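These come from TrEMBL:
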{"type": "DOMAIN", "residues": "B:15-189", "note": "domain 'NapC/NirT cytochrome c N-terminal'"}
{"type": "TRANSMEM", "residues": "B:21-39", "note": "transmembrane segment"}
{"type": "BINDING", "residues": "B:Cys52, B:Cys55, B:Met58, B:Glu104", "note": "heme 1 binding site"}
{"type": "BINDING", "residues": "B:Cys82", "note": "menaquinol binding site"}
{"type": "BINDING", "residues": "B:Cys85, B:His86, B:His184", "note": "heme 2 binding site"}
{"type": "BINDING", "residues": "B:Cys142, B:Cys145, B:His146", "note": "heme 3 binding site"}
{"type": "BINDING", "residues": "B:Cys175, B:Cys178, B:His179", "note": "heme 4 binding site"}
Amino acid sequence: MKTVILRVTAALAITGLLCLSAISSAQDQRLSPPAPDGLRMGGTLAETMPAPPIAGDPRTVEREVRNYPEQPPVIPHVIRDYQVDRRFNRCLDCHSREDAVEAGAPMVSITHFMDREGQVRAAVTPRRYFCTQCHVPQTDAKPLVESDFWPAEKVIREAIRGDKQ
Amino acid sequence: MKRWLRRYWDLLRKPSVHYSLGFLTLGGFIAGIIFWGGFNTAMEATNTEAFCTSCHEMYANPYQELQGTIHWSNRSGVRATCSDCHVPHEWTHKIARKMEASKEVWGWIFGTIDTEEKYEEKRLELAQREWHRLKANDSLECRNCHEFESMDFTLQEERAAQAHSTALAGGDKTCIDCHKGIAHELPDMAGATLVQ
């Protein structure tokens, strides 16, 4: 008799657990629906997907043509471990007015010396001090979304062609 | 007292009665090896990363800063530890550096750099000592791993090949002139006296 009771309790307990897990998995579905397929495909909202591999930094890259004159040029070299903080700015080792020629690097342009009133200062101003705010290295990363950007000269060329037709 | 000393002195001067000269020589030789080995082993123990970073001062700043740099992780998996860059390999230089380091124990006892602020205040002075040392020995510790003769300029990036094939090849400059702060963060360089 005792063993029968024991077995029935065990069976009940197992069914209960199964039901609970079924309910909670339904709940999981509601709490964590499939994620919208944005930049990172697949998975659900609450799931942490493995990060895509970090794009390599090719060792030899050429300077890139800028798409418009105000564009901060991309950095054509590695900048691993380059320190840019309150104490020291590694970029200015080569790009400052004093050192650029010897380093064979282009000097930071005059806009980097201008404060917000357009006044030209003696040194790179605080708003242009943290270089990587605007300049990033060129990598071999694939674009996440397609870009239909046209540089100005192409827009003009296309417009003229359209006029002619 | 004098008599007592005299007795021992006589004992020391007395030729051995019980042991042969051969045994004594050999014994002395073996004891020497053991002592020498022990001495060097003990000294090697102070050359490990675990020892260097066992004190809070070295753990909090240099060790944390080293992590993430190329000398900590890179594609080849070769790592430079503290002693690779900071302790000379040659024996006499090594002993000299170790004696100097005994002084640093005082700094540790009195907490010369035991807070972030104190460390930052001293950083330039400490860094400068290393720069002078590396400048004086032509960056010997770097060259233990990086051999100039083995550098393939065609495989290096343009900026590197340019600098290495001119100033470095010509002997005008040594590694540390151009590569400060490769393993740790640099202090405010405004007061530095040895900027290439």
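Glycine is no exception: its Cβ is also placed from the backbone N, Cα and C atoms.
Features per TrEMBL, on structure.
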| residue | record | contacts (Cβ under 8 Å, 6+ apart) |
| --- | --- | --- |
| B:Cys52 | heme 1 binding site | B:Met58, B:Tyr63, B:Thr81, B:Cys82, B:Ser83 |
| B:Cys55 | heme 1 binding site | B:Trp108 |
| B:Cys85 | heme 2 binding site | B:His71, B:Glu141, B:Cys142, B:Ala183 |
| B:His86 | heme 2 binding site | B:Arg97, B:Glu130, B:Glu141 |
| B:Glu104 | heme 1 binding site | none |
| B:Cys145 | heme 3 binding site | B:Val78, B:Ala80, B:Asp84 |
| B:His146 | heme 3 binding site | B:Cys175 |
Out of B:Cys175, B:Cys178, which has the highest number of nearby Cβ atoms, where nearby means within 10 Å of its Cβ, if these are the binding-site residues? B:Cys175
Beyond the flanks of the transmembrane segment (B:21-39) by at least 6 residues, Cβ under 8 Å: none
Within a 10 Å radius around the Cβ, which one of these binding-site residues has the most neighbouring Cβ atoms: B:His179, B:His184? B:His184
For the recorded heme 1 site formed by B:Cys52, B:Cys55, B:Met58, B:Glu104, name the remaining residues of the chain with Cβ within 8 Å of the site's Cβ center, in chain order. B:Phe51, B:Thr53, B:Ser54, B:Glu57, B:Trp108
Over the domain 'NapC/NirT cytochrome c N-terminal' (B:15-189), work out the mean pLDDT and round it to an integer. 87
Span of the heme 1 site, taken as the largest CA to CA distance across B:Cys52, B:Cys55, B:Met58, B:Glu104 (Å, rounded to a whole number): 12
